[in-house]
């Protein structure tokens, strides 16, 4: 392939062209705790980041500065009273009951879910700071695309697609996607939103259901009793000026790579042809992966990432966000691989040694893991074909590239210098990685101290027995799976 000197050919990205990619990561998000029994674990983002770092991908991306979103920025979409509630709510205040708890439950924060057994949106410690940080990442990524400094922007901590204007929903408090799309609309005439989470992207669709400048496309599981109910049906195509600009592709349980591809690629090709977006926002929820704790689809990491590679191939500014995903090692591996897809760089399937590598033991320390072959695929050939044809018929109703009045934003151009770190960050200062490294160093020192002690004891024994014994040396030195040296010294066996 003729790459012109500026591309990295990749099996996952057949277009082959290397993109200018920027990346957002806020390490403080990892400390947010939804509760011991809650399936949402924000640390999965730090796990993805650690993998990205261990594969050496950080050097292929520009780094966005960490800047939490302000109250005013979040209030561009969310109701002011709801923003005030999130800002001031604490677990202690909620636990005291009274008016604070009543108002919170009225906004679906701390309310018991419909099954009566769990709280989807708990009043977690540091809630407002958490919301500001992941929303700030999506806004920074959107501004990086608008500045022209990047072709692809990545924020795996974002993608909270269920949050509504005045209430939390589905583990989501602030809808960073709506905020990012609104930011992009200040610089691009038409913005496309694509959602491959297992759940319907209801919060984003509702926010733009009457807009002719935003098209929302959601590929999701649609079965009785599956969240969110009564949403995301084929016939839901938008309202008013936004009619035929909401596209819903409902799927049954067990959807595999092949069926997903046969829906995704022809539908998205048609969407790109008729809507002609100037920017794309893609929610890459990992709960559509095989083996998810909540989802019932059966996508492999390659099948999931193929969707990212396909949207990347249109050479349109692309914002990649996280979302759902509750088997955290699967999600982290997927988002790491999709970061490589965004860059256009192939990475090895063997996971490098790093601070979270024990989480991948169940998948053999491999990036990819096998899909569930026992899961029944309810998406028959007939169902897939009928769904595809119905969606394509709806898209035929949409005129190509509607003319939209467009004015330059009042704020003028974006200050790119304020967005990016221009010097390499000292990733070794990451607390988890530093702890992992120091533990390894301590283990290594301990090994040699004990080895030296044994050698000394043997030397003394030699002298006392007339020098007939020889100091023992390690019988074997081999590589551990982590790449560390594995010394076998008779009965003494250590890895460092």
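The backbone N, Cα and C atoms fix where each Cβ goes, and this holds for glycine too.
According to TrEMBL, the protein has these features:
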ACT_SITE  162  active site, proton acceptor
BINDING   120, 170, 326  substrate binding site
BINDING   197, 199, 287  divalent metal cation binding site
DOMAIN    38-340  domain 'Histone deacetylase'
Residue 120 (substrate binding site) has how many other Cβ neighbours within 10 Å of its own Cβ? 23
Considering only the recorded positions 162, 197, 287, which fall within 10 Å of residue 170 (substrate binding site) when distances are taken between Cα atoms? 162
Listing them in sequence order, which of the recorded positions 120, 162, 326 have their Cα within 10 Å of that of residue 199 (divalent metal cation binding site)? 162
Given the recorded positions 120, 162, 326, which lie within 10 A of residue 287 (divalent metal cation binding site) by CA-CA distance? 326
Among the binding-site residues listed here (287, 326), identify the one with the smallest other-Cβ count within 10 Å. 326
Neighbourhood of the residue listed as 'active site, proton acceptor', C-beta criterion under 8 angstroms, separation at least six: 169, 170, 171, 172, 175, 199, 202, 203, 228
Number of other Cβ atoms within 10 Å of the Cβ of residue 199 (divalent metal cation binding site) across all protein chains: 26
List the other residues in this chain whose Cβ sits within 8 Å of the Cβ centroid of the divalent metal cation site residues 197, 199, 287, in sequence order. 198, 220, 221, 285, 288, 294, 295, 323, 324, 325
Let me know the most crowded of the binding-site residues, choosing from 170, 197 and counting other Cβ atoms within 10 Å. 197
Between residue 120 (substrate binding site) and residue 197 (divalent metal cation binding site), the C-alpha gap once rounded to whole angstrom: 17
For the domain 'Histone deacetylase' (38-340), what is the mean per-residue pLDDT, to the nearest integer? 96
How long is the line from the C-alpha of residue 326 (substrate binding site) to the C-alpha of residue 197 (divalent metal cation binding site), rounded to the nearest angstrom? 12
